[in-house]
2 protein chains.
Amino acid sequence: MQQTRTLTTQVRGHIGERIRIQGWLQSWRQLGGIHFLVIRDGWGQIQAVAESEEEIAPLINVEASVESLVAIEGQVESVAQAPGGVELHNLTIEVIAPIREVPPVALNKRKINAQISTLLDHAVVANRHPSRRAIFRLASAMMQAFRSTLTDRGFTEIQTPKLVASATESGANVFKVEYFGRTAYLAQSPQFYKQNMVGVFERVFEVGPVFRAEEHDTTRHLNEYVSLDAEFGFIENHFTVMALLRDILASILGAFQEQCASELDLLKASLPEVPEEIPYIHFQDAQELILKLHKVDVRGEPDLSPQDERWLGEWAQKEYGSAFLFVTGYPMKKRPFYTHPDPERPEFSNSFDLLFRGTELVTGGQRLHRYEDYIAALEQAQMSPEPFEHYLEAFRYGMPPHGGFAIGSERLLMQLLGAPNVRLTTTFPRDIHRLVP
Amino acid sequence: MQQTRTLTTQVRGHIGERIRIQGWLQSWRQLGGIHFLVIRDGWGQIQAVAESEEEIAPLINVEASVESLVAIEGQVESVAQAPGGVELHNLTIEVIAPIREVPPVALNKRKINAQISTLLDHAVVANRHPSRRAIFRLASAMMQAFRSTLTDRGFTEIQTPKLVASATESGANVFKVEYFGRTAYLAQSPQFYKQNMVGVFERVFEVGPVFRAEEHDTTRHLNEYVSLDAEFGFIENHFTVMALLRDILASILGAFQEQCASELDLLKASLPEVPEEIPYIHFQDAQELILKLHKVDVRGEPDLSPQDERWLGEWAQKEYGSAFLFVTGYPMKKRPFYTHPDPERPEFSNSFDLLFRGTELVTGGQRLHRYEDYIAALEQAQMSPEPFEHYLEAFRYGMPPHGGFAIGSERLLMQLLGAPNVRLTTTFPRDIHRLVP
């Protein structure tokens, strides 16, 4: 067999021809002397039908079972009842590598039938299941859409260090690393570096790991995750940032529809619409609204509770038909020191949270850009400027008004797909208990 | 001033019009009452000429100096002797944020004039210099070309964990992390995960940080760098991998030429040609060649010395007119345990190094794909299979013949540009002495 390989997704274009496929023996059923084989390759699967003992002999001779690697030559026939409408006949089977043990997670069932802990313990194999793979294909499409939208708008991709000399925003929740006799830390975010790089390229983005030593053990927390970060200069205020974020979400969801139709179908995912303009409400107005609608007085609280967020989500759905809602102007005291205040009401900030179906999805806003403002903000927060010496140098020598946001990619995917646990949208998750596989 | 902003790189298209630009005051020279301002934005720079005291007053009134943020409205005029052939006249200047201190590295000179340590200590500001920025723009173009070439060929992008339970290849040179009362390690490479993900997607790639706790203090070593990794299944042998690598290098260099002409010009970089087929020589033949050409007998040595590599580089240039040379078939004993042997001569491997101008640029090869071969290889290397339990699960349940390579992105850029130090092709390098900025 020297013929060129055809991918399973290309078979439909070869009806009547003899082709060669390669892949994993995903399933093998026998019905009255006929063997139905399903071969999975990196993109899809195809049925191959052996009607004689001679055809199937190469598999039987080596006692090959599912997940064996095979190459199969066969005639492509259009068969209405075959999955995908085509199947292979008159097979010549070659076993590339036989497998004789049963995988720890059954990959040949339509639905994956295992506890989440089993899925994660055996992720190396379980990730092959079409329903698991579909999620990771969406994750890849998400990153690609994020990058291409930003590249098209003049953003430059950067890669910033993950080993840092001091914690990004506070000393808590940071992993310590032994660094040649000193202590280094794992970056909790690329915040400082992406801001500094606005001084170089004006518009920058990064896709990379961030590390949070949080002791949370919930369905929403990972201790290492992939952050999609953007930051850009010469903005008007946080509304410029919100407009960009809206367009990025629209392009991610558009990419899912265009490039991942079969994955969405498999996952039975129904994706939200991103409105032309996502509605927004100021933090203070949100609290007034909650009092009016639910008779609960949260005015004066420095933050929104999960219940508050759910109520606001319901309201946005009812009032605007939107699954998305921006809450703007969070109180300064609950935001990090680099947050830009609202010039009109300095106790509130030029920042936002994006809620999706009543849960926080993305945080962002405008940052301070004047050196003197940083010094004053650090003093106010009773923080020493010394660990921030290098970061602050950018502002000392000229920075434009700027802002940005950070998206936790696994969590975004979890929420868009309605997955019950963020670990299910991560190939190899890291949590307080899990460092393997 | 409410007019829309024009980027400096778009000014040439607006001759005769009045436009508004924004950016940093890169330089400010005065000649006989005329003020020549150069404004830098995220993409380029443009000259603006103030011929009256009234025009320049907004800068003088606030004592603004270079690196101040400004918005300038002016008439675009075609002027042969102006840099880029156009400049702005009849200015209305607005100071967005005045700067009054002199930057620690002069950004307004054509050549950057500072010690490397000064450049790195003040990278936050020094990276703004057009010659520094050009390098980082090339780095971004490199990543983009790497991704798009692979995506076009059916590869899926993955993101694998950087916090791992055991060292990737050996216990040496690995950073330790305090992980909730246990010790975790920083991944030295995505090797195991990318191989495992070949079981899911067949063809995968990753762009991400890797961490090496090497105590080297040379011009070629970083302790954290960005690795461009690819791995794919159903290969014939290492030559399939070499063919892909050749195409990726060609597309990176093509992207430089097409997208970064002004950056290459600024850096006075002359890029190599990638031949249609990069010449290759077997390790054993290379040692015979060295004996023949240089009368030095290195036969039986398990590896090539830097001198050997230089000789081979010279030979490839002379014999094939190629700056690139593959050396194939390195002895198994110098390669990691997962390396696939040459079936004909099992003491040699199906692996390669790519030399560029006589220096190693990329390492790659075919990996083992049968579970029993891994068990035998670990036994041979006197390593316990236990820490590799999860990695090995992929092979236990079916993996195709596969291989791949890893490119150190900063080092590749250093070598292509002929930069004297890898730190100069890194925005914020990490070495044995440096954790800031």
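Including glycine, each Cβ sits where the backbone N, Cα and C put it.
Which of A:191-194, A:199-202, A:203-206 counts as region 'Aspartate' depends on TrEMBL, and there it is A:191-194. Residues A:R212, A:A213, A:E214, A:R220, A:H221, A:L222, A:G408, A:S409, A:E410, A:R411 are recorded by TrEMBL as ATP binders, and the candidate that the same record lists for that site, out of A:E273, A:E276, A:E360, is A:E360. According to DSSP, A:T363 (L-aspartate binding site) sits within a strand segment.
Scoring each of the binding-site residues (A:T363, A:S409) by how many neighbouring Cβ atoms lie within 10 Å, the top position goes to A:S409. Nearest in space to A:E360 (ATP binding site), taking C-alpha to C-alpha distance over the recorded positions A:P83, A:R212, A:R367, is A:R212. Counting residues per DSSP class in helix, strand and coil order gives 4 helix, 0 strand, 0 coil for the region 'Aspartate' (A:191-194).
Confidence for the domain 'Aminoacyl-transfer RNA synthetases class-II family profile' (A:136-437), expressed as mean pLDDT, is 96. With A:R212 (L-aspartate binding site) as the anchor, the candidate recorded positions are A:P83, A:H221, A:S409, and the one with the nearest CA is A:H221. Here the Cα atom of A:T363 (L-aspartate binding site) is found 18 Å from that of A:E214 (ATP binding site).
Within 10 Å of the C-beta atom of A:E214 (ATP binding site) sit 16 other C-beta atoms, taking all shown protein chains into account. Long-range C-beta contacts of A:H221 (ATP binding site), restricted to its own chain and to partners at least six residues apart, with a cutoff below 8 Å, comprise A:R212, A:E214, A:V422, A:D431.
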